[in-house]
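TrEMBL annotations:
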type: DOMAIN; residues: 8-183; note: domain 'N-acetyltransferase'
type: BINDING; residues: V102, T103, V104, R110, Q111, G112, L113, L114, R115, T138, E139; note: acetyl-CoA binding site
type: ACT_SITE; residues: Y143; note: active site, proton donor
type: ACT_SITE; residues: F424; note: active site, proton acceptor
Amino acid sequence: MSEPYADLTFRTLEPGDEGADAALLRGWLEGLARGFHDGRNDQAEFDRWRKHAGRDGAVVRGAWPTARVADGTLPVGTFASWAGELNVGGGRTLGLHMISDVTVAPTHRRQGLLRRLMTEDLDHAVAQGRPVAALTATEGSIYGRFGFGPAVRGRRVEIDTGPRFGLRDLDDPGSLEMAEPTEAWPHVRAVFERHLGRTRGAVSRPSFYEMFLTGEYDWDKGAPDKMLRAVLHLDPAGAVDGYALFKHNGDHRKDAAVELVDLAADTTTAYLRLWRFVADIDLVEKVRWGRSPLLDVLEVALVDPRVVTTTALHDTLWVRVLDLPVALEARPWSADGDVVLEVDDDLGHTAGRWRVTTSAGAATVRRTDDAADVRLSAETLGHLYLGDVDVAPLAAVGRVTGAAAGTFAAMADGGPTPWCTTGF
């Protein structure tokens, strides 16, 4: 019987390291493109990717096969990660281990390759002191086995901005100013940083967002984004407190629409004023947005809320708890209580029994040998962590068990619905 991985060489590379093997890095990027059915990258695209990955301090992992015909630089498995931040609620942000670019070639499926890459990478995250990991998933059945649960959901919406669109009374003492995306960028970055600081579920943005939100480069098109436009909202003192980035979809007939790329604001008034702006754009009667929150203040501000149609509901962030005491003590809690959680974790990071005691919205957590009151898996813990789902439905289907499940629900549930507009 052959040894597992006998024909593979596992490597870890840092794009920001000038001494890293450029041929292997270039091959890694091509392996990634092949895995996601993208086109090949030219030298300029490779240089651009390496610059931004280096800025993020990214680490890329891969498995390179023993080549018999090919040149041996393309891996059959890819994996990338870097450090970021996650707002866990109550105005608290935690260090986040951000995972992306996960592929396994069809020639090496179901051989444990992803498990090895994931295990090594999560061990690295723990060694770096990152208490939570997160990723965005292209397939929903892959990551639960590694302790990840869907923790934030979002919507794609279509807004009818024809005659039916209208906001209830909106008294806005501020003003709007259009700017080129490159001019708007410093303000976009500052407004988003404030959004990150107050929005549960928000995630810091990788370096590539600068080229994406300035129109410098559209990775999907492989060219600058000449259609991107920006508008800023200014408060009465002239300080920028909101922005919208948008573009026309290029259809000047029946399906003419504005695609909202990104929007954030410090106040509800600024948020709604920006919505009024995009709704007032001439020659279109539809606005589409793929990052709408589940609960949007826009809908209760509209005269006719039926102008908003949800065209897709999707998960936007999967979370995996790595340091249970740090993670649970950072998030907000809704009721005082005391329970012993028993966590089933195949990778071991959160396995065991933990006494969770909450008082005045905060928790203390310590290991214990006491009998468990509540049992759940690491996957379910990730699902619950940001409050997108309550304990009760998970208990109803047997994913949370134990006599104190109701007490745990009272402690853990509640708070604002999480919202994540960062893709990575």
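Glycine is no exception: its Cβ is also placed from the backbone N, Cα and C atoms.
A TrEMBL annotation is a machine prediction, not a hand-curated record.
Structure with TrEMBL features highlighted.
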residue : record                       : CB count, 10 Å
V102    : acetyl-CoA binding site      : 24
V104    : acetyl-CoA binding site      : 21
Q111    : acetyl-CoA binding site      : 16
L113    : acetyl-CoA binding site      : 22
R115    : acetyl-CoA binding site      : 13
E139    : acetyl-CoA binding site      : 7
Y143    : active site, proton donor    : 21
F424    : active site, proton acceptor : 21
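When the Cα atoms are compared, L113 (acetyl-CoA binding site) and Y143 (active site, proton donor) turn out to be 13 Å apart.
Nearest Cα neighbour of the residue listed as 'active site, proton acceptor' among the listed recorded positions (V102, V104, Q111, Y143): V102.
Across the residues annotated as binding acetyl-CoA (V102, T103, V104, R110, Q111, G112, L113, L114, R115, T138, E139), the two Cα atoms farthest apart lie 20 Å from each other.
For the pair formed by V102 (acetyl-CoA binding site) and Y143 (active site, proton donor), distance between Cα atoms is given as 11 Å, rounded to the nearest Å. The CA atom of Q111 (acetyl-CoA binding site) is located 16 Å away from the CA atom of Y143 (active site, proton donor).
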